[in-house]
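Everything on this sheet refers to the single structure shown next.
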Amino acid sequence: MAIENKAKNTNLIKEEAKRLGFMSCGMSKAEFLEEEAPRLEEWLNKNRNGQMYYMENHFDKRLDPTKLVEGSKSVISLLLNYYPNEFQNPESYKISKYAYGKDYHFVIKDKLKSLLQFIQNEIGEVEGRAFVDSAPVLDKAWAAKSGLGWIGKNSNLLSKKAGSFFFIAELIVDLELEYDTPVTDHCGTCTACIDACPTNAIVEPYKVDGSKCISYFTIELKDELPNSFKNTFDDWMFGCDVCQDVCPWNRFSKSHSEPLFDPHPDLLKFDKKDWQEITKETFNEIFRKSAVKRTKFEGLKRNINFLDS
Ligand code: SF4
Ligand code: SF4
């Protein structure tokens, strides 16, 4: 297969991505993200990263993939659906839907490795690096540039076809491909996410103050939770889905078909009392391979106590 055959190579990769279970795949030229640079700078200057200090690192590399992966030519963006088949007990403290099953980092990394292997087998000597929700890559900006959706007023990537309950990942490769074009914004006059955010973290359309977001508080913040936010967490003990749940584009979300994303049965069954009484042993059992492990047992307990007091 000729490595120069851009259109054919692009189609081959998109077909294989579909076969591996990704819901969409789009391509962008690897270059400096000019439009994102001032936005990221402003966000950091206003300390909207809270204690997520890692966001301040690698400023140049984040905006320019050719600085991150030497010789890179293209960014392949991929979406993987995580919308669940079954949901938590409505009488329970809530966990963000993306964290129901096995930690997505592992699931997606495996799929990206298979995709790179496929490219190397079918197209030729291609070097690439896989990224899943990793600090140096602005994954939403790349996915938008690749035509997979627009960045909505809640700052999530939204697609008319698929809503927003999906993971975003990238493969940065030194292979030229045919590039996609961005889609238009379909938020229109809607303000449902801004109106529903329990902590008013969407400070203006398209601008989320990360340091006020329940996801940040329940997952990233290492200190005590601030008393000024007491009774505002809407029973979320890990992450928050409110601004996605209310989004009209998620009304038709379809369930994923990835068995590894299915939750432990207790995660669905537990009510508030069960969570209040959870032991370290049960925590380890329910969240053995889950992203919830990031908070550790003590972190989840801290969140539950905050909701309970
Ligand atoms: S995740 Fe929750 S707290 Fe954060 S912006 Fe969305 S609705 Fe607000
Ligand atoms: S809730 Fe409305 S404004 Fe917010 S992201 Fe969805 S469509 Fe856009």
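Here the Cβ of each residue, glycine as well, is placed from N, Cα and C on the backbone.
Of the residues proposed, Cys25, Cys247, the one TrEMBL records at the same [4Fe-4S] cluster 1 site as Cys187, Cys190, Cys193 is Cys247. Tertiary proximity for the domain '4Fe-4S ferredoxin-type' (175-207) is limited to same-chain residues at least six positions away from its ends with a CB under 8 Å from its CB atoms, namely 3, 6-7, 9-10, 13, 26-29, 43, 48, 73-74, 76, 119, 123, 126, 128, 144-155, 158, 160, 213-214, 229, 232-234, 236, 240, 242-249. Of the candidate binding-site residues, Cys187, Cys197, Cys213, Cys243, Cys247, the one lying closest to Arg62 (cob(II)alamin binding site) when CA atoms are compared is Cys213. Secondary structure from DSSP puts Cys243 ([4Fe-4S] cluster 2 binding site) in a helix. Averaged across the domain '4Fe-4S ferredoxin-type' (175-207), pLDDT for the predicted model comes to 97.
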